[in-house]
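Chemist: Quick paste of what TrEMBL says about this protein:
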- 1-25: signal peptide (SIGNAL)
- 26-167: domain 'Bulb-type lectin' (DOMAIN)
- 355-444: domain 'Apple' (DOMAIN)
- 461-482: transmembrane segment (TRANSMEM)
- 536-821: domain 'Protein kinase' (DOMAIN)
- Lys563: ATP binding site (BINDING)
Amino acid sequence: MKMKLQPSIVLLLLLVAVRLPSASSDDQLVLGKPLSPSTTIISDGGAFALGFFSPSNSTTSASSRDGLYLGIWYSGITELTVVWVANRESPIVTIPRRPPSASTPSGPTLALTNDSNLVLTDADGRVVWATDVVVAAAHTPGVAVLTNAGNLVLRSPNGTTLWQSFDHPTDTFLPGMKIRIARPGPFLVSWKGPGDPAPGRFAYGIDPSTSLQLFTWNGSRPMWRSGAWTGYSVASEYVASASAVVSLAVVDTDEDSYVAFALSDAAPRTRYVITHSGSLELQSWKSGGAGWHTLGRWPPHDCSRYDYCGPFGYCDNTDAPPACKCLPGFEPASPDEWRSGRFLLGCRRKEELRCGVSNGDGEGFLAVPDMKVPDRFVVIANTGATGCAAECARNCSCVAYAHANLSSSSRGDATRCLVWLGDLIDAKKLGGSAAASDTLHLRVPGVSTAGRKKERNKMKIVLPVIAGVVLVLACLSIVIWACKSKGSKQKHNNFNRLIGLGDLSTCEGFGTGSPNEGFEFSLLSFRDIAALTNNFHTSHMIGQGGFGKVYKAVLDGREVAIKRLSRNSDQGMTEFRNEVVLIAKLQHRNLVSLVGCCSEGDEKLLIYEYMPNKSLDALLFNNSGETMLDWPTRFRIIKGVAKGLLYLHQDSRLKIIHRDLKASNVLLDEEMRPKIADFGMARMFGENQQKADTKRVVGTYGYMAPEYAMRGIFSTKSDVYSFGVLTLEVVSGVKISSTDRTMEFENLIAYAWNLWKDRKTNDLVDSNIVGTCVHDEALLCVQMGLLCVQDNPNDRPTMSYVMFILENISATLPIPNQPVFFAHTNNQVENVTGDTQNSKNNLTLTILEGR
């Protein structure tokens with residue numbers, strides 16, 4: 001049966017035929033048959049295509065007015081993924097500046113010339129890009145072939161390679177490419193943005209100083225380092241499955257020396273790419289056309305960033321999560337900075353070296369195994385292990401050495417001796433099976449042979465003495481423990497009677513097995529607290545609210561804040577109990593600490609550590625037009641609150657839902673470190689409990705999740721919603737209920753959504769911090785905030801996912817759904833993409849798969 005096509009369908013088919021370039025059945029470009037925007041060349045196996053593309057609209061269509069590029073991309077997949085660009089600095093204008101003539105083409109072309117060069121011309125016939133092959137004048141023109149590996153090769157008639165795109169890569173490292181050790185420096189250079197192939201700031205390549213390690217750079221500043229080559233032929237290996245293996249190899253032969261990577265036969269399409277946001281990623285195409293999956297990312301976390309732990313510090317990759325530590329014999333140069341998570345100053349020696357001092361106690365080298373050795377080493381060629389140690393020992397400036405036997409070397413150097421003459425930077429502790437691991441021999445005082453003999457003689461005397469002391473202490477400990485056990489039980493009973501709790505394990509909302517002992521805080525009398533505050537004199541008062549008043553005092557030499565609950569306050573015994581039990585048992589740097597409490601008659605008082613910078617809302621929403629909170633401080637506050645919530649939801653022994661997270665319940669210490677406070681509304685969940693409901697909805701409207709405000713259902717995702725609101729407030733400096741800047745929109749969420757949808761997210765950033773703002777971080781926070789305030793709790797991320805994104809700013813983000821304030825007021829929900837790949841937002845957004 002014949003089908004009759006409607007005129008509209010015929011017209012549509014004609015438009016599609018005009019818009020899409022046709023595929024050539026040949027994989028070659030020959031003299032006299034140029035490539036035009038309407039055609040492509042497909043490799044012999046169908047894996048890659050060569051043609052014109054326009055990245056601004058993410059399609060292979062060659063009709064965009066924004067400019068065309070000649071490139072190579074993966075063929076046969078649903079997502080345009082360009083692996084090589086010829087004219088990345090010179091996009092072709094598709095509209096000619098003058099009418100075409102017999103001597104000029106009607107559009108851009110790629111042609112093979114008589115001298116065996118490829119020449120790319122625009123619509124006016126001007127050369128935009130060309131190869132630089134030099135051949136004899138009588139040479140017969142060759143042929144350009146696109147191989148199934150994605151390599152565009154110019155070959156002479158006898159098959160000699162004259163030029164190939166693999167020697168001139170852009171941002172992608174493909175199987176078969178070679179990073180030649182003889183050509184150190186940048187190898188891959190990122191795109192400038194998601195829709196701009198022009199060279200960006202970030203690069204990946206061989207270390208120019210030693211040719212023994214790989215780097216990523218931001219301009220000239222190192223961002224990540226692979227570690228020195230240890231002699232293994234396979235530098236790293238990723239096993240995706242039993243049949244899919246990706247290997248990065250160092251090839252060092254008499255003919256050539258280079259780094260390459262290879263795939264097993266069953267592996268899917270896989271590539272390394274330096275992204276426009278600065279990370280090096282190993283990506284693999286998902287089966288079924290689901291998109292690119294990131295197998296690995298470098299640096300994988302902050303601790304792996306170049307020199308993150310400072311001089312003589314190292315990143316311990318065996319910890320979860322990885323953390324900065326000092327090398328043996330060293331301690332933090334600034335303990336306060338180290339405790340607050342700032343490691344730039346690194347570590348200093350506990351005891352100075354005495355090299356060359358005749359009456360010194362001696363020095364030696366301490367072996368530190370399984371290390372990625374530090375950067376800035378000096379290579380001593382053809383030196384064995386003994387000679388390497390001797391070279392370092394005789395030079396008082398040498399602080400460490402490492403040695404390896406190279407498995408194969410074409411440079412006549414079968415060994416590798418590395419020595420360090422200054423600060424040790426960018427070291428890392430690796431797993432014992434890591435191919436890049438080395439043993440670092442660290443120069444420290446007091447480990448010479450003579451020193452070890454002296455130590456053994458001392459131990460013969462000291463050990464018996466220690467044994468006797470330990471025995472006496474053990475006996476005393478048993479007696480003290482017996483006395484304390486009796487006193488502890490009495491103290492616990494007194495504590496329960498003091499605040500009227502009864503048996504904590506049977507209290508509502510605390511479940512069985514709740515902690516009811518080991519409270520480490522003071523139980524003060526009302527008289528003592530009155531004396532501390534001069535009978536609650538107004539000169540001691542530092543704040544007040546519906547709950548009561550807050551006073552500043554000094555307790556045992558420590559500044560404290562005393563909250564005296566009002567008799568008329570909504571915060572009753574249940575809330576008071578929550579504060580005492582939860583804060584006392586939860587210990588985290590981003591949670592406020594409880595120092596003591598008092599409950600006598602109608603008087604209920606809580607004593608906290610004093611926060612000199614008060615609450616976040618006091619600094620964020622002040623009316624002075626000035627702010628103490630620059631962008632780096634705000635970003636630290638967002639991450640600090642996220643860490644505190646993650647601890648409550650996942651990392652503590654208890655699973656706690658805060659239920660009242662807001663700016664006024666985030667306090668700031670002297671270092672502007674955020675601490676979550678006010679656990680009066682908090683509830684504890686059982687280990688496997690996912691959600692609960694209540695008939696008594698408490699909290700602050702605007703911060704409440706929709707399911708909690710309307711149906712009384714709460715879970716960890718309720719806190720995630722509150723965190724999203726708080727994040728938007730911190731970025732914008734606008735209160736959730738404010739209408740000063742949100743104009744005609746219902747509230748801050750509606751305002752933020754509209755700006756994001758219209759790709760004007762930068763307009764949301766507080767005007768007071770534009771000068772200090774890192775826009776990539778701000779855009780990430782807005783995107784994350786909108787994900788957290790989604791209507792459906794299942795669509796909101798977990799706090800562990802939030803923390804991962806905040807620590808890995810280059811990670812991909814899902815697209816948020818329309819917030820509840822839109823979905824419930826308009827029957828038609830727009831299909832939006834917001835600040836996506838075509839915008840100025842440097843984040844890559846992907847659709848989040850169902851959980």
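Any Cβ shown, glycine's included, is placed from N, Cα and C.
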Chemist: According to DSSP, does Lys563 (ATP binding site) fall in a helix, a strand, or coil?
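Modeler: DSSP assigns Lys563 (ATP binding site) to strand.
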Chemist: State the count of C-beta atoms found within 10 angstroms of the C-beta of the residue listed as 'ATP binding site', not counting that atom itself.
Modeler: 22
Chemist: Can you break down the domain 'Bulb-type lectin' (26-167) into helix, strand and coil residue counts using DSSP?
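Modeler: Helix, strand, coil within the domain 'Bulb-type lectin' (26-167): 6 helix, 51 strand, 85 coil.
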Chemist: Which whole number is the mean pLDDT over the domain 'Bulb-type lectin' (26-167)?
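Modeler: Computed over the domain 'Bulb-type lectin' (26-167), the mean pLDDT is 85 on the 0 to 100 scale.
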